[in-house]
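Working notes, beginning with the structure itself.
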Amino acid sequence: GFLGLSGAILIQVYNALCQGDPTTFILILAIVPTLVSLTLMPCVKIYKTTTFDDKNHLNAFSAIALIVAAYLMLAIILENIFSFPVWGRTITFIILLVLLASPAGIAAKALKEEKDPLERYHQIPGEPDQTTVGSSSGVDLFRDDEDDEKDMNLFQAMVTVNFWLLFIAMICGMGSGLATINNISQIGESLGYTTMERSSLVALWSIWNFLGRFGGGFISDIFLHKGWARPLFIVITLATLTFGHLIVASGFPGNLYIGSIVVGICYGSQWSLMPAITSEIFGVRHMGTIFNAVAIASPVGSYVFSVRIIGYLYDKVAEGEGNSCYGTKCFMLSFIIMAS
């Protein structure tokens, strides 16, 4: 979810620190994420926990994510209505930093409870047959050695039909969604949207992406316990994504506001459903490797749809100064193809 919000967060970073200086901002984007990863790698440790009752911590973390999303949406809307002075943008950014730092309090509280000598083992609700005998070795109590034998590695997964079905589905879902956000500003320009409206659409996309990532996993988890297989939600979101592309293709007044919400939510949901389905089908031992292999479908799909379809068809109908194009003809056929 926070990854989905990162686009809107980075816009706030730009407004507060680099407005009018995009080259510095691009340099920050190129360097800082790598430095953060390298700096924090030594802090990652495996804690041998025997506590299963972490629902309150998860709920608190989810609540903070929703608060951050609501705050960013409010900030984006206000910034497009009013012209914020430098001090206003700085205050907005500082509040955002405080919100982003607040999950550290949840982690500290959880760690404190882990060290509490009065802590007792808990039984997972709805699983009366599972025993929760403590283990000082930190071994997963709900798996055994036979489970490890069923886990596939990447090469074993790649020779199955399921892997390629999931890969093709993600080319269609992730690829077409990414192609939409890559071109949404140009689509807005061709349909006569103002610069402010196009900027708002790009910024708000991050919110819809977040809601898809957050809601897709949350809702599918609820229905999973009611007997609904998770791949069914891939089908539902891809079907909904089809309507989103058709809305963008239609070109009616205000279509991008509706279309970006539908496409953004469905695109985000793929990123929460796909890893969970990967672990369910291929096991968890090599889940990270297999998940990242399937995730290659996103840039592959984006290349196919953005360059080979949208870019090619746009150039075919573009005319006038700078090979620009205006009207529904610019992108209609491309989005009908993606919907198909």
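These residue numbers are counts, starting from 1, taken along the chain as shown.
Each Cβ is built from the backbone N, Cα and C atoms, and glycine gets one as well.
These features come from TrEMBL:
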type	residues	note
DOMAIN	1-105	domain 'Nodulin-like'
DOMAIN	159-338	domain 'NFD4 C-terminal'
TRANSMEM	25-46	transmembrane segment
TRANSMEM	58-78	transmembrane segment
TRANSMEM	90-111	transmembrane segment
TRANSMEM	159-181	transmembrane segment
TRANSMEM	231-250	transmembrane segment
TRANSMEM	256-278	transmembrane segment
TRANSMEM	290-314	transmembrane segment
Could you check whether the transmembrane segment (290-314) and the transmembrane segment (25-46) come into contact, where contact means at least 3 Cβ pairs under 8 Å with the two residues of each pair 6 or more apart in sequence?
no
Intrachain neighbours beyond the transmembrane segment (256-278), with Cβ under 8 angstroms and 6 or more residues off its ends
3-4, 166, 170, 173-174, 176-178, 180-181, 184, 187-188, 191, 193, 201, 204-205, 207-217, 220, 230-231, 233-234, 237-238, 240-241, 243-245, 247-248, 287, 290-291, 294-295
Residue list, the transmembrane segment (25-46) vs rest of chain: Cβ under 8 Å, 6 or more residues beyond ends.
10, 13-14, 17-18, 138
Tally of residues which DSSP labels helix, strand or coil - the domain 'Nodulin-like' (1-105):
85 helix, 0 strand, 20 coil
